[in-house]
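One structure is given here, and the rest of the page talks about it.
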Amino acid sequence: MWRRVALLSPMISSSSRSLKLSQAASGLKVGESFATDIISQEERVSPPKEKAPFITFVLGGPGSGKGTQCEKIVETFGLQHLSAGDLLRREIAMHTENGAMILNLIKDGKIVPSEVTVKLIQKELESSDNRKFLIDGFPRTEENRVAFERIIRADPDVVLFFDCPEEEMVKRVLNRNQGRIDDNITTMKKRLKIFNALNRPVIDYYKNKGKLYTINAVGTVDDIFQHVLPIFNSFEQLKESSHVNPQSHLGSSLVENSS
């Protein structure tokens, strides 16, 4: 029996040496083969990284026509439309603790903290199956912008600014409201003054980052939209859902990119 073991020992030793040589030839140390198999299996089953959402901010003064253009963008490219104001109103209507706090702030004439608004936006971004978003009328202030970057940890892909002369915006709002002209003019001038004071730093910030597209918002709805289309057609992730000709050309007189 001992002789049989002695005879087998060289064979076992030889097999071991062969295994070592085979693994060495393939760049593996003894014992690494099994671990490598496990790693490769884990790589195969690990889920792919989730794509970052496509985010568009839409800015413009009261009467600039941005709301109408938002509707056409959503319809054409399949983006999900988010409005900070709508989200706040919905939270109030749901009678949540957060909604009660928002309502009390508004009743007291206080500004809703940026963090509250951004977290409502974050909730929509995370719960939606859509990965393309159009955020209307946001950010209104530098504080909004900073809070968005800090909480969401993302930059917008596109920032649209519908630039419209003050006289045209006043005329549009007065025609729309059909109320007392003196009161409306006074209110409009106050709103425009606030918009310019708060929004201008945001607009300048994104202009310096090369993300701002300034649209001349004078003209018919369809004419203006024809100069919005090429901006979105230039992004591959939007072409699949686009219902327009991707060869549309940009009218240089109506749109300006700050990049």
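Note: Cβ is positioned from N, Cα and C throughout, glycine not excepted.
Of the given residue ranges 83-112, 203-232, Swiss-Prot assigns the label region 'NMP' to 83-112. Within ARG176, ARG200, the residue that Swiss-Prot lists together with GLY63, SER64, GLY65, LYS66, GLY67, THR68, GLY219 for binding ATP is ARG176.
From the options 40-48, 175-183, the stretch Swiss-Prot describes as region 'LID' is 175-183. Secondary structure by DSSP for the region 'NMP' (83-112): 21 helix, 1 strand, 8 coil.
Only residues 6 or more beyond the boundaries of the region 'NMP' (83-112), in the same chain, are considered here, and those with a CB under 8 A from a CB of the stretch are 120-121, 124, 135-138, 140. Here the binding-site residues are GLY137, PRO139, GLY219, and the one with the most other Cβ atoms within 10 Å of its Cβ is PRO139.
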